[in-house]
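Chemist: Positions annotated as active site by TrEMBL: His96, Glu174, His178. Under the heading signal peptide, TrEMBL lists 1-19.
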Amino acid sequence: MSPLLKLAALICFVVVAQAGLSFPFPGQLSIPNTFPQLSACISESSFFSCENTTTISNTCCSPTPGGLVLQTQFWDTFTGLEKKGQLLPKNSWTIHGLWPDNCDGSFEQYCDLSRQFDPTPSPAILPDGTVVPPYTGPGVDTFIKAFGRDDLLEFMNNYWVSQGSPNANFWGHEFSKHATCTSTFDVACYGPHYRKHQDVVDFFDAVVRAYHQYPTFNMLATAGITPSNTTTYTLSQLQNAIKAQTGSIPFFGCTTNGTILSEVWYFSHVHGTEQFGSYKTVDSTTKSSCGATGIRYLERTHTSEREVR
Ligand SMILES: *[C@@H]1O[C@H](CO)[C@@H](O)[C@H](O)[C@H]1NC(C)=O
Ligand SMILES: *[C@@H]1O[C@H](CO)[C@@H](O)[C@H](O)[C@H]1NC(C)=O
Ligand SMILES: *[C@@H]1O[C@H](CO)[C@@H](O)[C@H](O)[C@H]1NC(C)=O
């Protein structure tokens, strides 16, 4: 390389590094960390969320008030965006989200409108009358790319698949509706060097980590419960299969008068943060919307799924 070219390459490298945007020289730049600053938590007493016996003073250390944490998943049979390549992962349920319920099962939503990234807010008006304005900026997938997390983005496109809307819209919805109400993702928890959207990427990592704890497809399959267009299952068959692995009964959701299995919610209390803490699974506080018998766990249309493992 001529000295002039070397200089040009160096300048380009420095400019790109400072902008922190794309990474033209793979391996030469390090990926920025997204974890919060939690050194103040070390001197706090130790407990599972919703089980504290005294008031939680530092809400960056434990999700509060949303200490009943739900990792939610879907069983969809199609996406509606197959033509755009939005397909479901074979032999796997998909991610819905990670929700902060209050310990009594009630919940808050859209708690910080300065972090509103949902193009189609639902609800568009909160119970107290607050209007949630639709987001029109770049998709949250661009935030993930800006942090150099192509690995996370790939996993999310494989396993966090939306039905009827682009995946990034769904991820923005989940962040703004739920993570803004989860205290351990508050901007203040990231300290004085907070980088814009660090909390968003940190939340997506936390969702993926929580999801890994609950491999629904495999847990059901170990009990002989697999998708079938000819068999039906009972609710207690589904519940017992999961309880055998997690120790607790999750919420199962069904559509079509309780006959078609479509979702599962795993409830837990968390020791420490949602990001890095330990999840203790507890029984659902919500009654199943499935019937007691005759539940169909449908096979997917083959053209709606793909192998991603
Ligand atoms: C646990 O902490 C929360 C948040 O500070 C507080 O509202 C609640 O009263 C505490 N629970 C008990 C039993 O002290
Ligand atoms: C649900 O059940 C009710 C009462 O049996 C029936 O009237 C209704 O048509 C059913 N709905 C669907 C979507 O199957
Ligand atoms: C199973 O049934 C559902 C609902 O009727 C249908 O959409 C799906 O394509 C069927 N799957 C297979 C593999 O036949």
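Cβ atoms here come from the backbone N, Cα and C positions, even for glycine.
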Chemist: Could you state the whole-number distance in Å separating the C-alpha atoms of His96 (active site) and His178 (active site)?
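Modeler: His178 (active site) has its Cα 11 Å from the Cα of His96 (active site).
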Chemist: With a 10 Å radius around each C-beta, find which of these active-site residues (His96, His178) has the fewest other C-beta atoms nearby.
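Modeler: So among His96, His178, the active-site residues given, the one with the fewest Cβ atoms within 10 Å is His96.
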Chemist: For His96 (active site), name the DSSP secondary structure in the helix/strand/coil scheme.
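Modeler: Reduced to three states, the DSSP call for His96 (active site) is strand.
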Chemist: As a test of the contact definition, list every same-chain residue at least 6 positions from Glu174 (active site) whose Cβ is closer than 8 Å to its Cβ.
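Modeler: Sequence-distant Cβ neighbours: His96, Gly97, Leu98, Val207.
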